[in-house]
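Let me begin by presenting the structure, written as structure tokens, before commenting on it.
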Amino acid sequence: WVPISVLMAGRNWTTVSEFVLLSFSALQPQLQALLFLLFLTIELITLMGNALIILVTTADSGLHSPMYFFLRNLSLLEIGFNLVIVPKMLATLVAHDTSISFLNCAVQMYFFFFFGASECFLLAAMAYDRYVAICDPLRYPVIMSPKACVRLAAASWLSGLPVATVQTMWLFSFPFCGSNQVNHFFCDSPPVLKLVCADTALFEIYAIVGTILVVMAPCLLILGSYVCIGSTIIKMPSAEGKRKAFSTCSSHLLVVSLFYGSGSLTYFRPKSNNSPESKKMLSLSYTVVTPMLNPIIYSLRNKEVKTTLNHILHRSLGSRKH
């Protein structure tokens, strides 16, 4: 694969063969070292937390319900999303390895779009699961059969492919010339697009429309599900029934709020309020912080997960004593 920017060399443009991620290079070295330690700690917590969710929900046969099946998929997505962004960011902070090749930049952007879009649709599938469980409990085992769950999860994962493929291939088919400095800590579309020396109006329209569809379609499904869930909970006669129904949704609702809230603040703010530095800080919320919080939210707010975690810890401690 040869970037068009290389093929355009005959037009007297200074072609770009690699990018430089500016990351947090404007900060003092001591502050960069502190950020490295902070982000490394968050990275380890994220990987261990999500891996633990996968292990716990797989090991305990009582956690093989559709809700925990989707939770395992969410943890897998979070691990992938995190590994695409954070290791390179850590390298820019500690080793000042800020260069990234055309291919690696395209690969990073591709999987960023892939995991991000897939997570949008997976969160919608999880909302649908809660809708069926609360609004149509008698038919829940039939509607959310193992085969149906696999199909919903597969559709969620595959939904990221067209978004990532079209947007990444189209963007990297443009000629790049002049500056090669990406003012971000990863290859996100807006800062890379600024380095293109061609008319990108059509691409920008597609990017806006595509982003709105990928973000808003699942978001509307989630909102619709929770409107129906809320209506059903209100009609429940007992306070205990209402409490139990709400507790099964609260973790998912909190995760959805974090994911969509941080993403919306980053990509849908007015450009006048959207400086590169402020966008970097906001991007940290959904690329670094949210993947760490998801397993914490589900483990702390879910009684079944907490019980299984305690059993595993007791068994492991007991075996060490013997």
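Cβ atoms are placed via backbone N, Cα and C, with glycine included.
No curator has checked TrEMBL annotations; they are predicted automatically.
The feature domain 'G-protein coupled receptors family 1 profile' is assigned by TrEMBL to 49-298. What TrEMBL lists as transmembrane segment is 33-57, 69-90, 110-128, 149-172, 205-229, 250-269, 281-300.
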Checking distant contacts: for the transmembrane segment (149-172), what same-chain residues at least six beyond its ends satisfy Cβ-Cβ under 8 A?
3-4, 66, 69-70, 73, 77, 102, 106, 109-118, 120-122, 124-125, 128-129, 189, 192-193, 196, 203, 206-207, 210, 214
Averaged pLDDT score, the domain 'G-protein coupled receptors family 1 profile' (49-298):
89
